[in-house]
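Just below is one structure, and these are the notes that go with it.
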Protein chains: 2
Amino acid sequence: MAERSEFALIRHYLSHLGANRRDVTLGVGDDAAVVVAQGQSLLMALDTLVDGVHFPSDLSAYWVGHRALAVNLSDIAAMGGEPCWALLSLTLPDVDEAWVSAFADGLGALAARHGVAVVGGDVTRGPLSISVQITGRAPATPLRRDGARDGDRVWVSGHPGDAMGGLSVWQSAVHRHQARWRGLRRAFLAPQPRVALGQALTGIATAAIDISDGLAADAGHIADRSDVAIDLSTLACRPSSRLRQWLGEAPAVDAQLGGGDDYELCFTAPASADDAVLSAARRSRTPVRRIGGVGIGAGMTCDGHPIADAATGYRHFER
Amino acid sequence: MAERSEFALIRHYLSHLGANRRDVTLGVGDDAAVVVAQGQSLLMALDTLVDGVHFPSDLSAYWVGHRALAVNLSDIAAMGGEPCWALLSLTLPDVDEAWVSAFADGLGALAARHGVAVVGGDVTRGPLSISVQITGRAPATPLRRDGARDGDRVWVSGHPGDAMGGLSVWQSAVHRHQARWRGLRRAFLAPQPRVALGQALTGIATAAIDISDGLAADAGHIADRSDVAIDLSTLACRPSSRLRQWLGEAPAVDAQLGGGDDYELCFTAPASADDAVLSAARRSRTPVRRIGGVGIGAGMTCDGHPIADAATGYRHFER
């Protein structure tokens with residue numbers, strides 16, 4: 001199933017289920033939902049990783065555990081929130097104690113680093129998949145996808161595309177363990193959700209999203225939801241030198257725009273907030289750069305040219 | 001994988017992951033976790049249903065949707081809480097619009113009936129499974145599994161075993177559509193979480209659990225967690241007349257003790273609270289009856305005899 005038809009399915013059938021509650025501030029369609037409990041706004045997200053779809057089947061259990069939590073922390077980061085509690089549902093084809101132990105280590109280490117307690121869960125038999133749900137405290141003004149305005153700048157953290165490059169390093173029998181490609185390999189194995197940056201950007205950024213489908217596709221989600229056009233500059237987008245060395249110049253640009261699973265943040269902010277953005281990046285020790293601008297209209301362009309649809313629908317590890 | 005080793009796995013590896021937070025009142029091991037946000041105690045649960053394990057592969061999408069939410073509502077019911085917000089993660093092998101539409105109808109109808117808003121989720125490609133996470137408001141004293149005391153009575157709602165009997169009706173080519181077995185069939189297809197009863201029992205019951213693994217196994221969880229012995233009376237346990245008619249007397253007793261997926265509540269209360277329990281049942285329009293007692297010691301017995309282990313490990317729809 002292509003990502004696009006999945007999104008269409010969600011919107012169509014699953015976006016307005018159940019009761020209308022006044023304590024729901026933001027429902028289906030952003031990185032996380034926002035609900036209000038006793039005056040405290042809470043962020044909630046749920047993501048499932050399926051073996052062979054969201055991670056390669058031979059990925060070690062430690063990094064599967066890390067990833068299962070990281071994708072959820074990234075959702076909270078994209079809203080500017082503070083992650084607090086997680087629930088874990090693990091579906092396993094059989095009992096493999098060593099696997100579960102390593103999985104728990106990977107998930108637990110990342111949880112501890114972010115102050116998250118795993119408070120409950122479920123283990124069940126079936127084809128390998130992992131669902132993690134996370135609840136966090138929302139900031140006063142959560143970073144939504146629909147707040148970008150004409151004239152805003154578009155920013156991104158870190159080096160999108162490196163995760164996709166790192167996957168091909170990791171899959172290479174020859175280069176997998178070479179020290180030279182260690183940085184790329186880590187970008188794939190150990191994505192670091194940008195929780196501190198998201199928090200630092202609250203009150204500054206006008207919109208934000210985490211990059212799971214690819215930079216162009218996810219910036220496109222901001223454009224769609226905000227009812228604006230976004231133009232990216234390939235010059236500003238220049239991929240990391242390690243990615244250019246690994247893939248070559250042109251494929252590196254494609255990987256940067258179309259690769260997924262980076263879990264970096266793409267966000268917008270008014271031009272007047274440039275200094276505030278850079279200061280937030282410094283405080284959170286996260287590299288960021290300006291990669292484009294927001295204008296009147298709709299859709300995504302790159303240097304003024306439409307981006308081919310094929311480049312924007314990252315399909316995880318599908319064959 | 002047997003249920004027992006799953007539970008052992010959970011306990012071993014997944015029960016203390018991540019940070020120790022003081023706002024976590026109750027972690028892994030009960031029907032739901034309890035956390036405190038801004039003075040409001042919240043209940044959280046997450047359950048996954050796997051195709052062919054937790055429901056038969058040919059179950060209609062409407063009832064799969066109903067079940068996916070019902071098992072979670074039942075967790076909130078077992079804590080005496082008020083369900084509020086749900087997140088849904090749907091993993092599908094391919095795009096089947098008719099299936100998703102019917103699934104959404106079944107889940108949405110039950111959500112609306114219980115005042116629950118589905119606030120977010122995820123659709124992903126893979127072997128069919130559904131994860132639903134639910135958050136609810138906790139009562140002042142949540143109904144935990146570990147509160148049963150020597151001298152308490154053991155109670156159960158509804159008719160455990162009927163769901164298992166209903167499954168065999170539903171699987172019978174000859175009897176599936178006969179009006180005579182409609183009640184049993186409904187007990188399997190459309191389990192009704194006992195949310196109102198759970199709420200009515202807060203401040204009265206000393207412990208509670210919902211029956212997903214089977215009456216004997218789940219009562220055994222209360223005994224284990226409360227560090228007490230529980231003795232059930234087969235006379236008081238007498239299965240429903242429709243189940244006895246369908247299965248015969250002896251198999252009906254086995255189904256009642258060992259069948260699962262009833263989503264009834266098993267709970268304990270002091271002898272002095274008999275009237276209060278019956279009044280709570282009337283207020284919530286839920287049939288309940290006394291089926292045993294709590295004593296000093298450990299483990300489960302039936303009329304004073306140990307219950308064979310084989311009877312207490314319900315294995316869902318495994319072959």
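Glycine is treated like the rest: Cβ placed from N, Cα and C.
There are 27 other CB atoms within 10 A of the CB of B:ASP210 (Mg(2+) 3 binding site), with all protein chains counted. Feature annotation from TrEMBL assigns Mg(2+) 3 binding site to B:ASP31, B:ASP75, B:ASP210.
Sequence-distant contacts (6 or more apart, same chain, Cβ under 8 Å) of B:ASP75 (Mg(2+) 3 binding site) comprise B:ASP31, B:ALA32, B:LEU43, B:ALA45, B:ASP47, B:ILE134, B:ASP210. Per TrEMBL, Mg(2+) 4 binding site is recorded for B:ASP31, B:ASP75.
Feature annotation from TrEMBL assigns Mg(2+) 2 binding site to B:ASP47, B:ASP75. Other C-beta atoms found within 10 angstroms of the C-beta of B:ASP47 (Mg(2+) 2 binding site) number 26, with every protein chain shown included.
Under DSSP, B:ASP122 (Mg(2+) 1 binding site) is assigned to a strand (E or B) in the three-state scheme. The Mg(2+) 1 binding site feature in TrEMBL is assigned to B:ASP47, B:ASP122.
Positions annotated as substrate binding site by TrEMBL: B:HIS54, B:ASP261, B:TYR314.
If you look up TrEMBL, you'll see B:GLY121, B:ASP122, B:ARG145, B:SER212 marked as ATP binding site. Cβ environment of B:GLY121 (ATP binding site): B:LEU87, B:LEU88, B:SER89, B:LEU90 lie under 8 Å away, each six or more residues apart in the same chain.
Under the heading Mg(2+) 5 binding site, TrEMBL lists B:ASP213.
What TrEMBL records for B:29-137 is domain 'PurM-like N-terminal'.
Cα-Cα distance from B:ASP213 (Mg(2+) 5 binding site) to B:ASP261 (substrate binding site): 6 Å (rounded to the nearest whole number). Here B:ARG145 (ATP binding site) is compared against the binding-site residues B:HIS54, B:ASP122, B:ASP261, and the shortest C-alpha distance is to B:ASP261. B:ARG145 (ATP binding site) falls outside any helix or strand according to DSSP and counts as coil. On the backbone, the CA of B:ASP261 (substrate binding site) and the CA of B:ASP122 (Mg(2+) 1 binding site) stand 25 Å apart. You'll find the Cα of B:ASP122 (Mg(2+) 1 binding site) roughly 20 Å from the Cα of B:HIS54 (substrate binding site). Contacting chain A by the Cβ rule (under 8 Å between Cβ atoms), the binding-site residues B:ASP31, B:ARG145, B:ASP210, B:SER212 reduce to an empty set. Reduced to three states, the DSSP call for B:ASP261 (substrate binding site) is coil.
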